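Undergrad: Take a look at this one; I'll ask things after.
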Amino acid sequence: MSTLDKSITIHRSSRMLQENKILLLWSLSICIVVVNATMLNVALPSLLNEMMLSSAKASWLLTSYNIVFAISTLSYSSLSDFISIKRLLTIGLILLSLGSFIMMTADHFYLLIIARILQALGAGAVPGLAMVYAGRYVEESRKGKYMAFIASATSFGFGFGPLLGGIITEFLGWRYMFGIAGSIILLLPLFHKMLTAEELKSGKFDVVGGILTGASVTGVLLLISTHSTYILILSILSMVLWWRHIRTASHPFVKPILLKNITFAKLLFMSFCAFIVHFSTLFLIPIMLSTLFQNEASTIGMKIFPGAIFSAIAAPFIGRIMNRAGNIRAILLGQLLLLFSTLLFFMLATTSQLAIVISYIFMSIGFSFFTASIANEISSIFNKEDVGMGLGISQLIQLSGSAFGIALSAAVLVWRDHDLPEVRFQSIFIGLCILIISSLLVSILYLRSKRQGFSK
C-alpha cells in the first residue's frame, strides 16, 4: 500500500470515528427529548391532584408542547441555512434546560405552561438539526446507519419515557422528572467540541410565515377537540393567509415549490399516516391497560418498555437493510409491520395484556424502520440548499400527525362513550388499519413511479 493510500485510509477511519461519536451524541440527545415529551403522560394524574387542575386545563400542557415543538423544529431547520448548527443547538439546549428547571419549581399552572413552552422551543432544535446534519454532512453510504440509530433512539425514548416517568412519579414525585431534560445542557460542551465550522449563506427568517404556520396547525387541532364554528372560520382564514404569504414572501417560512413537488407530497402523506397510527396507539395503550386491566402508572410503563428495547436492538439491522434493499423497500417493510401490529391490536388487545406487549413490539420496530427510511429518502430527493427545509417540513407534518392522532382518538372515545370499552378501542384500531393500508398503496405507487423514472 502506498503512502497516499495509507493517508486516505487513515483519514477515512478518523472521519468515520468522528461520525460515530456525533451519532451517539445526537441519539442520546434525541432520546432525552423524547423521554421528556412522554414522561408527563403518566404523571398527569399526580399533577392534577397536586395543583387541583381539570383534565381540560392539564391537557394544554401536552397540546401547547406539541404545537410549539412542531413549529420550532421547522424553524431551526430553516434557520440552519444561514445560522450554524452549533449556535442554534446552543440556544435550543439552553432554552430546554431553563424550561425544565422552571417546571421543577413552578407552583402555578400558568407558570407551568410558560415553562413547557420554553421546553418545546428548545427541544425542537435537537431532532430538526440532527436530520439537517445527516442530510448535509453524512456520506450516502453511511446515511442509512445514521438514520436507523436516530429512529431507534426515538422509539426507545417513546418506550422508556413512560416507564421512567412512572417510577419517578411513584417514588420521588412528578417534579423530579424534569431534571432529566434539564441535564441535557451537560452535552453542550461535547457538541461544541465535535461539530465543525460550516459554510453559510446570508438570509432572513420569515417571522410572519412562522406565526401563520403555527396558527394554522393550532386551529386544526383545536377544531378536532372543540368542534367550534368560530375555530373553523379562524382556521380557514389563517390557512388562506398562510398560503398567500408564502407565495409572495421573498424568503418564505415554507417554500411553496416544495409543497407542489408530487414526490415529496407522497412521502409527507405516508409520514402523516404512520405518525397518526403510532401516536394514537401510544395514547390508547395506557388507557386500555388502566381501563380493561386496572394497571398502575409504573406497571403501564413496564409493558410499553419491551417495544423500546427491541427497537434499540433492531437499529443496526435496520441500517444494513436500508443500505442493501434501499429506502423504499424499507418504508414498505415498516408499513407492513405497522399494519400487522395494528391488526393484532384490533383482534387481541382488548382480551390480553400480553397481546398488547407483543403488538407494540412489532409496532415499535416497524415505526423505527419507517422513520429512518422516510427521512433518508426525503434527504435524497433534495439538493443541499433545500434539504434542511424539506426535512423540517417533514417533521412538522409528522408531529402534526402525532397530535392529530391523539386528538382524533380522544374524540372517538368520547363520541362512542355509550359503547363498551372494548368496542370503542376496536373501532379506532380498524380505522387505523384502513389508514395504514391507504399509506401502503401510496408507497407502492411511489415505488412504481421511481422505477419508471430510472427506466427512462
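Cβ coordinates come from backbone N, Cα and C, glycine included.
Reproduced below are the annotations present in TrEMBL:
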- 22-44: transmembrane segment (TRANSMEM)
- 22-451: domain 'Major facilitator superfamily (MFS) profile' (DOMAIN)
- 88-106: transmembrane segment (TRANSMEM)
- 112-134: transmembrane segment (TRANSMEM)
- 146-168: transmembrane segment (TRANSMEM)
- 174-191: transmembrane segment (TRANSMEM)
- 203-224: transmembrane segment (TRANSMEM)
- 230-246: transmembrane segment (TRANSMEM)
- 267-288: transmembrane segment (TRANSMEM)
- 300-318: transmembrane segment (TRANSMEM)
- 330-348: transmembrane segment (TRANSMEM)
- 396-415: transmembrane segment (TRANSMEM)
- 427-447: transmembrane segment (TRANSMEM)
Undergrad: Are the transmembrane segment (146-168) and the transmembrane segment (300-318) close enough to be called in contact, which here means at least 3 C-beta pairs under 8 A that are separated by 6 or more residues?
TA: yes
Undergrad: For the transmembrane segment (88-106), name the stretch out of 22-44, 174-191, 230-246, 396-415, 427-447 with the most CB-CB pairs under 8 Å.
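TA: It is 174-191 that shares the most Cβ pairs under 8 Å with the transmembrane segment (88-106).
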Undergrad: Taking a Cβ cut-off under 8 Å, which residues six or more beyond the ends of the transmembrane segment (300-318) line up next to it in the same chain?
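TA: Counting only partners 6 or more residues beyond its ends, the transmembrane segment (300-318) has Cβ contacts under 8 Å with 42, 144-145, 148-149, 151-153, 155-160, 162-167, 282, 285-286, 289-290, 330, 353, 356-357, 360-361, 363-365, 367-369, 372.
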Undergrad: Report, as numbers and ranges, every residue of the chain located at least six residues beyond the transmembrane segment (174-191) whose Cβ falls under 8 Å of a Cβ in that stretch; write 'none' if there are none.
TA: 25, 28-29, 32-33, 35-36, 39-40, 43, 46-47, 50, 86, 89-90, 93-94, 96-97, 99-101, 103-105, 119, 123, 164-165, 168
Undergrad: Residues of the same chain, at least six outside the transmembrane segment (427-447), with any C-beta under 8 angstroms of its C-beta?
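TA: Same-chain contacts beyond the ends: 263, 266-267, 269-270, 273-274, 276-277, 280-281, 284, 328-329, 331-332, 335-336, 338-339, 342-343, 345-346, 349, 409, 412-413, 416, 419.
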Undergrad: Report yes or no: does the transmembrane segment (267-288) come within contact of the transmembrane segment (396-415), defined as 3 or more CB pairs under 8 Å with a sequence separation of 6 or more?
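TA: Answer yes: the transmembrane segment (267-288) meets the transmembrane segment (396-415) with 3 or more Cβ pairs below 8 Å.
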Undergrad: If you count every Cβ pair below 8 Å, which range out of 112-134, 203-224, 330-348 shares the most with the transmembrane segment (22-44)?
TA: 112-134
Undergrad: Take the transmembrane segment (112-134) and find every residue of the same chain, 6 or more past its ends, with a Cβ under 8 Å from one of its Cβ atoms.
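TA: Same-chain contacts beyond the flanks: 22, 26, 29-30, 33, 36-37, 51, 60-61, 64-77, 80, 85, 88-89, 91-100, 102-103, 106, 143, 146-147, 150, 154, 181, 375, 379, 387-388, 391-392, 395.
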Undergrad: Return the average pLDDT for the domain 'Major facilitator superfamily (MFS) profile' (22-451) as a whole number.
TA: 85
